[in-house]
Amino acid sequence: MVGSDSLDAQPLLNYFQPVTQWLQEQNQQNREVLGWPEYQWRPPMPDNYPEGIDLVSDEAEASRFVEEYDRRSRVVWNEYAEASWDYNTNITKEGSKILLEKNVQMANHTVKYGTWARKFDVTNFQNATMKRMIKKIQDLERAALPVRELEQYNQILLDMETTYSVASVCHSNGTCLQLEPDLTNLMATSRNYEELLWAWKGWRDKVGRSILPYFPQYVELSNKAARLNGYEDGGDSWRSMYEMPFLEYELEQLFQELQPLYLNLHAYVRRALYRFYGSELINLEGPIPAHLLGNMWAQSWSNIYDLVVPFPSAPRMDATEAMIKQGWTPQRMFKEADNFFTSLGLLPVPPEFWNKSMLEKPTDGREVVCHASAWDFFNGKDFRIKQCTTVNMEDLVVAHHEMGHIQYFMQYKDLPVTFREGANPGFHEAIGDVLALSVSTPKHLHKINLLSSGDGSYEEDINFLMKMALDKIAFVPFSYLVDQWRWRVFDGSITKENYNQEWWSLRLKYQGLCPPVARSQGDFDPGAKFHIPSSVPYIRYFVSFVIQFQFHEALCQAAGHKGPLHECDIYQSQEAGRRLADAMKLGFSRPWPEAMRLITGQPNMSAAAMMTYFKPLLDWLVTENTRHGEKLGWPLYNWMPNSARSEGSFPGSGRVSFLGLNLEEQQARVGQWVLLFLGVALLVATLGLAYRLFSIRHHSLHHPHRGPQFGSEVELRHS
């Protein structure tokens, strides 16, 4: 009939060509947006229209839906994980392009099934697990953004993380240092004030300032995505992961419980730094300059143990020297961690782990993201770690931490994809650290031939607890404040004009630290910390540092430990391993208090176990600080080292306090000139008045027959 055996839409297009052309002209004239980027918009319902009338309440249909979602998610998430791994272990433009494509694919998947999930009314579902799963799928997260904004968001994140990962700080002679391992080692080992200042400032100049232009838009898009998912802002969305209506209050209570430990440690360390650096650089009643604590972010102080060790003549607690002497390698460190897990009756890592992980920094010239991380590839057998490992005690602890994530992945691998998460984000961070509490004990280090057997003296105990406190207690306020800052950025109470000022206000308030060099609003010091440009919530680490001691105390009881908590080593305890496994197998399928109960026998977070662990050290610190007349806290909070002083500047702010007002430096300078002008004018007027009064009096003395100058005399007496 038509002379062809195939379908062809061209005649249809030809038929409507005139009206198509007219429509194009009209749409261009009216600047119409083709398509429907605001795909989530719905017309308002009439008043009294019954809610949920178009929702599906059939549980059997919901069951079929989640089965399909899970089957498809395994494929999509695996492909995204592979692309992300490839990019993180070899940063290239081609890898960036592929990763962004997979990001879009995953977003499309999330939107498709999340929108579908929102059609179910789960109110009367009998299956609580099904109800929990569908509610989780309904949250579209960042995929809720319109397509163009989602692409923009993904590109911003990629640019920020790449900026962080490839940054280096260069000497004037052209020698450049990357964060891992160069700057990290310098901050850990150097005791030269100026060299530390160069590294500290150089990293922030290079990274923070470069990330600042991206950050406001990242915040805007994060908030939009959160609101499209029904949250008030990005911070509200992040806090929802804990399923605690009073999360902020409870975290504040935990922080206050731990405050005495931190304040006493801070005062003791400040005194030790005062002895080493002198009164010009350390004030015994002020904050500590942030670059002197052995770490780029002053989040852990363990690298300055040599400066603060309570009893220098007691046997050393650090196994690094023995590890190097015995020829330990990064792989040996992870093998040791794997051995600890299997000694508890837990799962060994599969062969793929050793073949596919990146356990040390490549030497073939590749740019990589060195920040340690553990990876689940959602196929039940592929789990990897990416870490630029250095052979030392600190990284041995990190290896156990990352292997804790891997163990968690393996324990819940048979759950639906939706539930393959920790009971809450803090649980995932805590598991490996619990084992590290045992690994760090002198008893265990002696078992694995990294420490000679000590005599178990009081001095050794205090030295050990001091080393642990420099890591665990020093970290508490930092882990607490990072998201205090970010939540306030998300809710708008911190604006882009005062990002840096408020960052340093919080670091002063909670940590008692000050910047070693003057800061301005052109600086963006939060961006110099990995988790900020990578958009990784941080309060999980505060939670994990609290609950890991709860876990440790409960597991030590299960292992039959007798004696002080800090001496416990749960190595080879099958009962301790069983409790851990039971909790990990739940993943996110049940509210976290149920997982907490399986390990500790009760459902609440508490700082009591952490206080018990460090009680001997706290007693010693209180005695020592009292003996020296230390003032706890930092009453001279405005003190700063000379290197941080500059005309009209306040550390961390870029603004100045001027006549009780918080002004930009330029505004304050104008105000100073105005005051100077007014002062000069007042001086001239005063001199003129004095001359006038002198003339009047002189005239009255030489002309006594003239009338008295009552006005002038009275004015003179009352001047």
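Each Cβ is built from the backbone N, Cα and C atoms, and glycine gets one as well.
A coil conformation is recorded for Asn90 (N-linked glycosylation site) in the three-state DSSP classification, outside any helix or strand. In the shown protein chains, 16 other C-beta atoms lie within 10 A of the C-beta of Asn90 (N-linked glycosylation site). According to TrEMBL, the feature N-linked glycosylation site maps to Asn90 (among others).
The N-linked glycosylation site annotation in TrEMBL covers Asn108 (among others). DSSP assigns Asn108 (N-linked glycosylation site) to a helix.
As annotated by TrEMBL, N-linked glycosylation site applies to Asn127 (among others). For Asn127 (N-linked glycosylation site), the same-chain residues lying six or more positions away in sequence with a CB closer than 8 A to its CB are Glu59, Ser63.
Annotated disulfide bond per TrEMBL: Cys170-Cys176 (among others), in sequence order. For the recorded site, Cys176 (disulfide bond), the DSSP three-state label reads strand. Around Cys176 (disulfide bond), a 10 Å sphere centred on its CB holds 12 further CB atoms from the protein chains shown.
Residues within less than 8 Å, Cβ to Cβ, of Asn173 (N-linked glycosylation site) and separated from it by at least 6 positions along the same chain comprise none. Residues or ranges marked as N-linked glycosylation site in TrEMBL: Asn173 (among others).
As annotated by TrEMBL, N-linked glycosylation site applies to Asn173 (among others).
As annotated by TrEMBL, chloride binding site applies to Tyr242, Arg540. Annotation for Arg540 (chloride binding site): spatial neighbours Asn424, Pro425, Gly426, His428, Glu429, criterion Cβ-Cβ under 8 Å with sequence separation of six or more.
Applying an 8 A CB threshold to same-chain residues 6 or more apart, the list for Asn355 (N-linked glycosylation site) is empty. In three-state terms derived from DSSP, Asn355 (N-linked glycosylation site) belongs to a helical segment. Positions annotated as N-linked glycosylation site by TrEMBL: Asn355 (among others).
If you look up TrEMBL, you'll see Cys370-Cys388 (among others) marked as disulfide bond. With a cut-off of 8 Å between CB atoms and residues at least 6 apart in sequence, the same chain places Glu180, Pro181, Glu360, Lys361, Val368, Cys370, Ala372 near Cys388 (disulfide bond), listed in sequence order. Cys388 (disulfide bond) carries neither a helix nor a strand DSSP state and counts as coil.
Under the DSSP three-state reduction, His401 (Zn(2+) 1 binding site) is assigned to helix. What TrEMBL records for His401, His405, Glu429 is Zn(2+) 1 binding site.
Under a cutoff of 8 A between CB atoms, and with a sequence separation of 6+ in the same chain, the neighbours of His401 (Zn(2+) 1 binding site) are Ala372, Glu429, Gly432, Asp433, Ala436. The Zn(2+) 2 binding site feature in TrEMBL is assigned to His401, His405, Glu429.
Feature annotation from TrEMBL assigns active site, proton acceptor 1 to Glu402.
The active site, proton acceptor 2 annotation in TrEMBL covers Glu402. Glu402 (active site, proton acceptor 1) has a Cβ environment of 24 other Cβ atoms inside 10 Å.
Per TrEMBL, the feature active site, proton donor 1 maps to His531. When secondary structure is read from DSSP and collapsed to three states, His531 (active site, proton donor 1) falls in the coil class.
Taking a C-beta cut-off of under 8 angstroms and a sequence separation of 6 or more, Cys556 (disulfide bond) has the following same-chain neighbours: Leu565, Cys568, Ile570, Ala576. Per TrEMBL, disulfide bond is recorded for Cys556-Cys568 (among others).
Cβ neighbour count for Asn604 (N-linked glycosylation site) (all protein chains, 10 Å cutoff from its Cβ): 11. Per TrEMBL, the feature N-linked glycosylation site maps to Asn604 (among others).
Considering only the recorded positions Cys370, His531, the Cβ with the fewest other Cβ atoms within 10 Å is that of His531.
By the criterion of other Cβ atoms within 10 Å of the residue's own Cβ, the least surrounded of the recorded positions Asn108, His405, Glu429, Cys568 is Asn108. Listed in sequence order, Cys176, Leu177, Gly202 are the same-chain residues at least 6 apart in sequence whose CB falls under 8 Å from the CB of Cys170 (disulfide bond). Cα-Cα distance from Asn108 (N-linked glycosylation site) to His531 (active site, proton donor 1): 26 Å (rounded to the nearest whole number). The Cβ of Tyr242 (chloride binding site) lies under 8 Å from the Cβ of Asn424, Pro425, Gly426, Val543, Trp592, each on the same chain and at least six residues away in sequence. Each of Ala374, Glu402, Gly404, His428, Ala430, Ile431, Gly432, Asp433, Ser544 belongs to the same chain as His401, His405, Glu429, is absent from that list, and has a C-beta within 8 angstroms of the C-beta centroid marking the Zn(2+) 1 site.
Distance noted between the C-alpha atoms of His405 (Zn(2+) 1 binding site) and His531 (active site, proton donor 1) is 17 Å.
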